[in-house]
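Data first, discussion second: the structure below is written as structure tokens.
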């Protein structure tokens, strides 16, 4: 009898833990995805802060020329970054215990791999946690689907691109100027501005901003008056009220006359689906573009595509971009390359005499 009671107590302890983890009554929902999300994101955040402040220079190119990225080694908030793992490590899994010492681990940029891998696992679990909470509350799953766009984008620049290029040293540095450097080098090597998927991403982000501003201003301009001139318009709404707080018919009429009738949504549900889907699909395409360019399926090349009747090149904007690309390419990692690939001759010129 004693053994049976102990087993029930043990089961009930596990049951209480499960109930607490999956309870929607907690101030912050944890969930089973949260069990993995919390330690991974805490680890990534803690190591990022410490490394951004105090990490020593990293031999990013594997040529014994360390690059400083932390505040204590001369950087500021703008120039500072977590320097990617060394090209000498490549794609190898490089935890602390694989290095001969902590100094070696820091010199080879071990913190970058640690932060990136924990971060990607953490944001993936955050997405799963969004789905899990929606499921518990009986909601539809589209919040997690929308969040998959930034998760895909982060995975593309921090994991897929390094895999395609053969080294974590090609991943995006974790800092402001490091991000810009990554963008410039990416343009030089892959001509991303001429890739259709990047164009769709630009349309998604800029279009999403435009539609968000249009929707917010239109709703704010068609609020149903509930207050006097001396009160804030926000006082006219009470959380949870049943009646609509703005006149969708008036908003529809205004916008239909401003543009044309069928440019204006007359269904609130389809409108909000569109507002969510437009930027999400655009960012999905950008992530796909990065993931294809990771394996060197690059943007369109229209260099020297227009010639006159004598065969002389008439430069287009594509040629101007190409010239800029060449300049950017020869300047990056300048001590690692003797002959940049794009500038190397296809065959050795013959010498007469």
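Yeah, the Cβs are placed from backbone N, Cα and C, and that goes for glycine too.
Among the features that Swiss-Prot reports, N-acetylthreonine is placed at 2, with the record citing sequence analysis.
Taken from Swiss-Prot, the feature transmembrane segment covers 29-46 (among others), and the record attributes it to sequence analysis.
Look at Swiss-Prot and you will find 118-133 (among others) tagged as transmembrane segment.
Per Swiss-Prot, the feature transmembrane segment maps to 142-156 (among others).
As annotated by Swiss-Prot, site 'Tyrosine radical intermediate' applies to 161, with the evidence given as sequence analysis. Around the Cβ of residue 161 (site 'Tyrosine radical intermediate'), a 10 Å sphere holds 22 further Cβ atoms from the protein chains shown.
All protein chains included, residue 189 ([CaMn4O5] cluster binding site) registers 20 other Cβ atoms within 10 Å of its own Cβ. Swiss-Prot lists 170, 189, 332, 333, 342, 344 with the feature [CaMn4O5] cluster binding site, giving sequence analysis as the kind of evidence.
Proximity of residue 190 (site 'Stabilizes free radical intermediate') to non-local residues of its own chain (separation of 6 or more, Cβ distance below 8 Å) is seen for 293, 296, 298, 299, given in sequence order. Look at Swiss-Prot and you will find 190 tagged as site 'Stabilizes free radical intermediate'.
Summarising the annotation, Swiss-Prot assigns transmembrane segment to 197-218 (among others).
Under the heading quinone binding site, Swiss-Prot lists 215, 264, 265. Residue density at residue 264 (quinone binding site): 17 other Cβ atoms are found within 10 A of its Cβ, drawing on all protein chains shown.
Mapped onto three states, the DSSP output places residue 215 (quinone binding site) in helix. Swiss-Prot lists 215, 272 with the feature Fe cation binding site.
Feature annotation from Swiss-Prot assigns transmembrane segment to 274-288 (among others); the stated evidence is sequence analysis.
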DSSP three-state assignment (helix, strand or coil) for residue 189 ([CaMn4O5] cluster binding site): helix
Sequence-remote partners of the transmembrane segment (118-133) [C-beta within less than 8 Å, at least six residues beyond its ends]: 24, 29, 31-34, 36-37, 40-41, 43-44, 47, 139, 141, 143-144, 147-148, 150-151, 154-155, 158-159
Env. residues of quinone site, Cβ within 8 Å of mean position of 215, 264, 265 Cβ: 214, 218, 251, 252, 255, 271
Tertiary contacts of the transmembrane segment (274-288), as residues 6+ beyond its ends and Cβ separation under 8 Å: 142, 145-146, 148-150, 152-153, 155-156, 197-198, 200-205, 207-208, 211-212, 215, 265
